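Please read the structure below before turning to the comments.
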Amino acid sequence: MEIYWIFQEAFRRKRDSSVEVLRWIQASVSYTCFLHRQLFSKVCCQVILPYQLTVALAKRVRGMELGLVTLLRAAWIAATLPIVISLIPSSKLRSFQQFLLGFAKRGKIMQSSSSKLSVPQKLFIHFYILAFAWTTLLLAATWIYAYSTMPKLSEPLLFSSIVSHLTGGSRIFSLQGSHSSKEHRSKIGLSVFLLLLMEAQVLRRLFESIYVFRYSPSARMHIFGYLTGLFFYTAGPLSLCCNYGTEVYKFGLSLIQEFIVKGKDRMLVTEVDWWRFLNPLMQQRWYAWIGAAIFCWGWIHQRRCHAILGSLRENREHSDDYVVPHGDWFQYVSSPHYLAEIVIYAGFVVASGCSDLTICLLWGFVVANLVLAAAETHRWYLHKFDNYPRNRFAIFPFAY
């Protein structure tokens, strides 16, 4: 159209000299080309460039997710393997077993002469302060992210259909577009569900550390065991949501950036849709609720066993005397609170559909670590008390 207009205007100017007409045509064509370049640049900035950046960002996010998942799995394997080796009944591994037990001992099974590189056992509370703060942060961020991916009931589907058509059905046209699938939302909701269970666990453990347990003044634990506890309560909650941890991080970072750029007064405030907010929990499949039931079963029994252990030290704050605990699962095993912990984390495995390798490796570490501690505790009980019930097993009833 612009070229047609140029020659039409040149025909009207035929009375001018040919040189002037040619100069005018040249200037007009140059200006038209400039407008076209501007239009092309605008299209690149508003359509092509954002698409390319989004594709690159989506690929980077997926790469970071795989990196986080791989790192966590490698960490759980590296932490579990030495414990499993130490549990092998072999005389050739005796020195390695004693070496590892030196790091794992704490409380009553830790000799006073082994107090080198140790900290008071009452510092257990640090684990649960960290776990509560970290799990709360992960739960809040993941839940808000899950809420943002849930479609509004009145949201028109025309725009998403157009975008899907223009991009050939590609799920990486935009991060939000890739998060719109029902399966993706369901998996994010499962992460919220698992973190909510973990929140219930660490909150109770924090309460028990403050109001239930009364540690002996001489009770200590190895510094390596203390650092292992900090690692566990950092990596444990993260393992429950690591498949989408990077997406949640990017989402939270974008909200912070938006807040910095726009300011508090210009941020979009929307009314919370509570049904949409609870939807990540309500859409869980049957195995998630079975896993939650197993979790609650272990949770209740661990609370009872901890209450029994805490009651043994009532009015004994300045005494190192120990008594044999009785009641609940203590009738079957020496460390029922450890057995309950294994049941609790088995609930996470079942709730995840037994398909998340990271959570399975987390449970494997819990089992190996607590079996090692329970075996040493059982030996201590047998050595300490002559009348200790011989029908009790270390941790698994009628098995071990």
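Just so you know, the numbers here start at 1 and follow the chain as drawn.
Glycine is no exception: its Cβ is also placed from the backbone N, Cα and C atoms.
Automatic prediction, not curation, is the source of TrEMBL annotations.
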Review point. Which stretch does TrEMBL mark as transmembrane segment, out of 16-38, 223-245?
Key: 223-245
Study note, to complete from the structure: Expected hit for transmembrane segment in TrEMBL across 42-59, 186-203 is 186-203
Review point. What else in the chain is close to the transmembrane segment (223-245), if you only count residues 6 or more beyond its ends and a Cβ gap under 8 Å?
Key: 65, 68-69, 72, 75-76, 79, 103-106, 117-119, 123-124, 126-128, 130-131, 134-135, 138, 142, 145, 187-188, 191, 194-195, 198, 202, 348, 356, 358-359, 361-362, 365
Review point. What else in the chain is close to the transmembrane segment (66-88), if you only count residues 6 or more beyond its ends and a Cβ gap under 8 Å?
Key: 96-97, 100-101, 228, 231, 235, 238-239, 242-243, 245-246, 357-358, 361-362, 364-365, 368-369, 371-372, 375
**Study point:** Integer average pLDDT (0 to 100) for the domain '3-oxo-5-alpha-steroid 4-dehydrogenase C-terminal' (273-400)
**Key:** 89
